[in-house]
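Going by Swiss-Prot, these are the annotated features:
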ACT_SITE  179  active site, proton acceptor
ACT_SITE  297  active site, proton acceptor
BINDING   127, 177, 181, 298, 330, 382  substrate binding site
BINDING   205, 207, 208  Mg(2+) binding site
MOD_RES   205  N6-carboxylysine
SITE      337  site 'Transition state stabilizer'
């Protein structure tokens, strides 16, 4: 219902009084706000300072992440200020947690430059995270409108094209990370790549911190790695790859390394999250132009995603990276050595793989999201996984994933090739059991033991790592109220 002229006049008079007035009074709180299809929505977990009303704190977050400053400024009247103000429209207490609240905030699409993650983040996670009115602030989820998503390229290659290029269907991809991360010579590095691929893996990869150090310069690594790839591919008659990490100090250096990776025949290159959003988008544009798969290692994400009351949830990174245009991103294993609640991990994977997701509070998805035909990102599971967990990995993560066994390949007592073979046989036996309709989750250990009767490397792996697990309580789980209609 439209406001009367008198009401609008009164609000305008109050809203533009000189001096400092509450953010809620300035128009950054609107409990009756009607969400537009083109609005960008954000959900923040706020911990107000003692004595600060949660509605005022939410309005302050809306204001400081959009158009407000600490005092009323008359130049607001030169803009469409009532449109451009972000609106906090709902505040809910966080279930079972004292003094924390979920604040829902809507932003008009015109506040953001088209196709720019850097501009989006400058507002959403900018100065507002240092705001004194809140003790802690965490960005939990976002909804991107279709009109905004259409301004982004999306994944350079995408899952479907990658499967066609690799000629691998009906199962997860298998990979491994070269270990040790640092210190190998180029020749020894290439040998590790060859042995892993010869044993049956689809991919080997560089780790996040191998760039161009004195013990092995990047060009040497690229040449020896691709020698291993080509030799293993010719031997197996299959397409294989190695993620060549092109991360460097400048964009010029990264472009040079990426161009060289293309010249020596690589089908995939790799970057780290720490290079920044603009660099990631730039490399994604380069990758699509040059028909390359682009792998992203999430190095650095836990510095702001792991703590539950401050920073941002990794699902937001998943959304931004799908928009930015990467083809792979590390997204958790559930059973490995790194942080990962099963339901939350499922939410990450759905965010990367589904064309449309619904609200699912147990998975931490607070908004429905239509992905506007952006291609799918392949999640990567790595960190502390081994062949003995194959039934759990297939159950939790499904087919559309890269299973990366680093130590679980290179740590095999009989050598790298044997470690790769153990993982390949474990995966094939589990996929076969699933396709035959067997209860592969309940009977997984027995299926693996049966397969090991004709595969010595698998038997050795099961004997070595059978008791290895990482059963720690996750620090980041979904907060929701259990009800008979909960979306579980």
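Even glycines carry a Cβ here, placed using N, Cα and C.
Where Swiss-Prot records a feature, it is marked here on the structure.
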{"residue": "127", "record": "substrate binding site", "CB count, 10 Å": "10"}
{"residue": "177", "record": "substrate binding site", "CB count, 10 Å": "26"}
{"residue": "179", "record": "active site, proton acceptor", "CB count, 10 Å": "15"}
{"residue": "181", "record": "substrate binding site", "CB count, 10 Å": "13"}
{"residue": "205", "record": "Mg(2+) binding site", "CB count, 10 Å": "29"}
{"residue": "207", "record": "Mg(2+) binding site", "CB count, 10 Å": "19"}
{"residue": "297", "record": "active site, proton acceptor", "CB count, 10 Å": "26"}
{"residue": "298", "record": "substrate binding site", "CB count, 10 Å": "22"}
{"residue": "330", "record": "substrate binding site", "CB count, 10 Å": "23"}
{"residue": "382", "record": "substrate binding site", "CB count, 10 Å": "25"}
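Looking at the residues that bind substrate per the record, 127, 177, 181, 298, 330, 382, the two CA atoms farthest apart are separated by 37 Å. Relative to residue 208 (Mg(2+) binding site), the binding-site residues with Cα atoms inside 10 Å are 181, the candidates having been 127, 181, 330, 382. When secondary structure is read from DSSP and collapsed to three states, residue 330 (substrate binding site) falls in the strand class. If you measure from the Cα atom of residue 298 (substrate binding site) to that of residue 207 (Mg(2+) binding site), you get 11 Å. Residue 205 (Mg(2+) binding site) and residue 297 (active site, proton acceptor) have their C-alpha atoms 10 Å apart, to the nearest angstrom. Close to the recorded Mg(2+) site, the chain also has 177, 178, 181, 206, 209, 210, 243, 245, 270, 297: residues not among 205, 207, 208 whose Cβ is within 8 Å of the site's Cβ mean position. For residue 179 (active site, proton acceptor), the nearest of the recorded positions by C-alpha distance turns out to be 207; the candidates were 127, 207, 297, 330, 382.
In the three-state DSSP assignment, the secondary structure recorded for residue 127 (substrate binding site) is helix.
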